[in-house]
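Enquirer: My questions will all concern the structure given below.
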Amino acid sequence: MAELLPTIKSPEDLTGFNAAQLDQLAVEIREVLCNLVATRTAHFASNLGVVELCIALHRTFDFTQDRLIWDTGHQVYPHKLVTGRYDQFNTMRTKGGLMGYPNPHESEYDLFMTGHAGASVSTVMGLASGDFLNGNSDRHSVAVIGDGAFPSGMVFEALNNAKVLNGNLLIILNDNKMSICPRVGGVADYFDRLRMNPFYTGFKNEVVKALNMVPVFGDPTERFLAQLKEGVKAGLHGGMLFEELGINYIGPIDGHNIQLLRKYLEMVKTQKGPTLLHVVTEKGHGYDPAAEDPVYYHTPPVLRKSEDCGEAPKTSGGSKAYTNYARDAIADVMRKNQSVTIMTAAMCQGTKMEPLRDEFGDRFFDTGICESHTVAFAAGQAKAGLRPIVNIYSTFLQRSFDQVFQEVALQDLPVVFTMDRAGITAADGPTHHGMYDIGYMRLFPNMIVMAPGDADELTEMVSFAVSVDHPTAIRYPKTNAENIARDRQPIELGKAEVLKRGSDGAVICYGTQLAEAKKAVELLAKDGIDVTLVNARFAKPIDSETILPILKESPFVVTVEEAALMTGFGSALLETANEAGIDASHVKRLGIADLFVQHGDRAEILAELQLDSLGIAQVCRELAAAHDEISSQH
Ligand SMILES: Cc1ncc(C[n+]2csc(CCOP(=O)(O)OP(=O)(O)O)c2C)c(N)n1
Ligand SMILES: CC(=O)[C@@H](O)[C@H](O)COP(=O)(O)O
Ligand SMILES: [Mg+2]
């Protein structure tokens, strides 16, 4: 059969496809996904698992009118392939190319740019409500949400609200038994029990037979649906949790059978009020290694191309990342201090915490994708006398802004926040760069906010943080760690470290761009520009005793941080200078301006932001030249 996928310019092209062609399309989509991960790292197993669901959805609904939101958005690749982006697919996650998440700038079929889990049910409800009020109540609104994302508090807030909705709402629970790691918690157990439902295990076959006799369109469908639901309600009790919340529950059904999916989708289309369709899929479906090890294949390293798909080298290789240093430092303090606990919100794999899960058993907590709960839970533990470490990516911790304020900072509780992926996260893009944590942490009284200049300093900071009787936050990026050879000064609360003194200007670095700042200072020395280099270490309390005299004496000052300038370290410095009545008009802040940084290569993005050695040196040269010019005029 001729290839189908290249011919699809929009989902409308699926209209004429018969069952065999739709099945062939699924095969072709998987091939394209395989080819992609043979060239770069990308989300893989989740995408393999939703191929049939995606085809069935686009074959059943018209999403130029109807609404579709893929929760989180990491499983959106098949959707991109059938919505006119096949030709650009090889640009996926590269600079200027397709984003690895839904992106309204790319397509009318992507309604929200998303990357954080749990919002889909709320946003789809808003769309349905808006459509109803605008007189477009014939539009259908569909949220596809994974079993990992489902326990997010926001989903339950939306379910609580769903009953009052006038519009058409379909929630598709994509249950593949996995988050990134195996899903955990009571909701996961509930889904497991639903899978035991005879509707899915045995009676399902009868249902399938019956369904095959039902035409896809017309009244018989409605009649059948009514009978089916009564059957489920009366005899099988599946999904009573949802039913009691006023949400029709249907399923579970096989999510890899396009025809079956289509029949159910056609049926639920006629359903009034909120409906939850429970679809069972296999994460990694269609490529055995991914189905067998969906954790590794969630975002695998580049696969070696082989005939059936690809084969990944299981060694990670390369030097140690900051993530590993943090993990080892946490393990160390946990061994020494029995009151230290560790928490992850479903990111055990990305934060490399699996060994801690194995070693520390009951002091290790995976709360699921529930960051708000995690922080409040940690606050409770701290109040009970424990020393919780909350290890969450900078971007995801934003989900807990108010818990950081109310439950932690306001109570002045000794919770340690280790914020991984603080800074540019590269291929994931604007949804995932950790840009705002300096601001959202230093805002609150009692909070101690720090960033290590290198790997060993991260280790020291973790140990320092658990010894402090206040909330503390440590940020570090997603990159290989460096160490800067020097006579290390021990970590002391609110003390910066001066690495070098110079008379022509000063570079004050907050965080791990310190190695680049040091290189810049060395480059400048070659040009005869003698610059002070400071490792700030603390954004709060800021070391005014060390830094303000440098500000006064230096012809120019450059602050360096891998974070949003607004509310960041440089801004903290300006505030401190202002309060001390010191002129800071000669301070130039390097960091991220008031914009969303797009996806791309980390080194390339940092270079564009002038956060690498060449950029920092260049800015210093310009400031030195401007200062010389002004001096020569006087
Ligand atoms: C708020 C938030 N926390 C954590 C993550 C990281 N994350 C991305 S996908 C994922 C697992 C999602 O599981 P599920 O929804 O079941 O999708 P699957 O990958 O199984 O298809 C996690 C934890 C995120 N994107 N957003
Ligand atoms: C979809 C999602 O949010 C995660 O899969 C994220 O892409 C993980 O990032 P890392 O690869 O940096 O762990
Ligand atoms: Mg899942």
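Here the Cβ of each residue, glycine as well, is placed from N, Cα and C on the backbone.
All TrEMBL annotations are machine predictions without curation.
Checked TrEMBL, it gives:
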- HIS74, GLY115, HIS116, ALA117, GLY148, ALA149, ASN176, TYR287, GLU371: thiamine diphosphate binding site (BINDING)
- ASP147, ASN176: Mg(2+) binding site (BINDING)
- 320-484: domain 'Transketolase-like pyrimidine-binding' (DOMAIN)
Enquirer: With the Cβ under 6 Å from ligand 2 as the test, give me the qualifying entries from the binding-site residues GLY148, ASN176, GLU371.
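Expert: Once distances to ligand 2 are taken from each Cβ, none falls under 6 Å.
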Enquirer: Tell me the Cβ neighbour count for ASN176 (thiamine diphosphate binding site), meaning other Cβ atoms within 10 Å of its Cβ, over all protein chains shown.
Expert: 25
Enquirer: Listed binding-site residues: HIS74, HIS116, ASP147, GLU371. Which have a CB under 6 angstroms from an atom of ligand 3?
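Expert: The binding-site residues passing the 6 Å Cβ test are ASP147.
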Enquirer: In whole Å, how far is ASP147 (Mg(2+) binding site) from HIS74 (thiamine diphosphate binding site) when you measure between their Cα atoms?
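Expert: The separation of the Cα atoms works out to 14 Å.
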Enquirer: Using a 10 Å radius around each Cβ and counting other Cβ atoms from all shown chains, which of the binding-site residues HIS74, HIS116 yields the largest count?
Expert: HIS74
Enquirer: Measuring Cα to Cα, tell me the gap between ASN176 (thiamine diphosphate binding site) and ASP147 (Mg(2+) binding site) in whole angstrom.
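Expert: ASN176 (thiamine diphosphate binding site) and ASP147 (Mg(2+) binding site) have their Cα atoms 7 Å apart.
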Enquirer: What's the CA-CA gap between HIS116 (thiamine diphosphate binding site) and ASP147 (Mg(2+) binding site) in angstrom, rounded?
Expert: 14
Enquirer: Would you mind pulling the DSSP three-state label for ASP147 (Mg(2+) binding site)?
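Expert: In the DSSP reduction, ASP147 (Mg(2+) binding site) maps to coil.
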Enquirer: Please report the number of other Cβ atoms within 10 Å of the Cβ of GLU371 (thiamine diphosphate binding site).
Expert: 29
Enquirer: Max CA to CA distance in Å over the thiamine diphosphate-binding set HIS74, GLY115, HIS116, ALA117, GLY148, ALA149, ASN176, TYR287, GLU371?
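Expert: The two farthest binding residues have Cα atoms 32 Å apart.
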Enquirer: Round to the nearest Å and give the CA-to-CA distance linking ASP147 (Mg(2+) binding site) with GLU371 (thiamine diphosphate binding site).
Expert: 16
Enquirer: Output, ordered by sequence, the same-chain residues six or more apart from GLY148 (thiamine diphosphate binding site) with a CB under 8 Å from its CB, or 'none'.
Expert: ALA117, MET178, SER179, ILE180, ARG183, ALA346, GLY368, ILE369
